[in-house]
Amino acid sequence: MGSLDKGVLTGFICRLCSEMHRVVLHIYGEEGIRLCISEKINRYLSINVSRSDPLPKTICKNCLDRLENQHRLVMRIEQAAHMLKGQRRARVRRGSYVSLKQN
């Protein structure tokens with residue numbers, strides 16, 4: 001019961017790489033929901049998953065690791081962009097912004 005409660009299944013096909021794996025995580029299982037797997041797939045990949053589609057609802061550890069790495073990268077990029085925009089706005093307000101445009 002233990003691993004099944006967390007949504008870990010054995011001997012299923014991964015939705016992302018379509019390979020058979022001994023251990024996979026159910027996208028809509030307890031752990032899959034906690035990790036927001038379907039939302040991350042739909043956001044970062046050029047595919048969409050839903051509970052009602054007829055395709056596999058499982059993901060292998062390798063694909064999960066890659067998906068999580070992609071998520072961390074995007075979060076880091078978005079945080080950096082937000083910080084840089086904030087710094088730029090602060091410089092403009094202080095009048096220390098230098099424009100490189102030539103008239």
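Backbone N, Cα and C define each Cβ position, glycine as well.
Curation plays no part in TrEMBL annotations; they are all automatic predictions.
Taken from TrEMBL, the feature domain 'ZAD' covers 12-87. Along the domain 'ZAD' (12-87), the predicted structure has mean pLDDT 95.
Close to C63 (Zn(2+) binding site) in the fold, though at least 6 residues off in sequence, lie C14, R15, L16, C17, each with a CB less than 8 Å from its CB. Marked as Zn(2+) binding site by TrEMBL: C14, C17, C60, C63.
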Tally of residues which DSSP labels helix, strand or coil - the domain 'ZAD' (12-87): 40 helix, 12 strand, 24 coil
Taking C14, C17, C60 as the binding-site residues to compare, which has the smallest set of other Cβ atoms within 10 Å? C17
Other same-chain residues whose Cβ falls within 8 Å of the Cβ centroid of C14, C17, C60, C63, the recorded Zn(2+) site, in sequence order: R15, L16, S18, E19, H21, V24, I59, K61, N62, L64
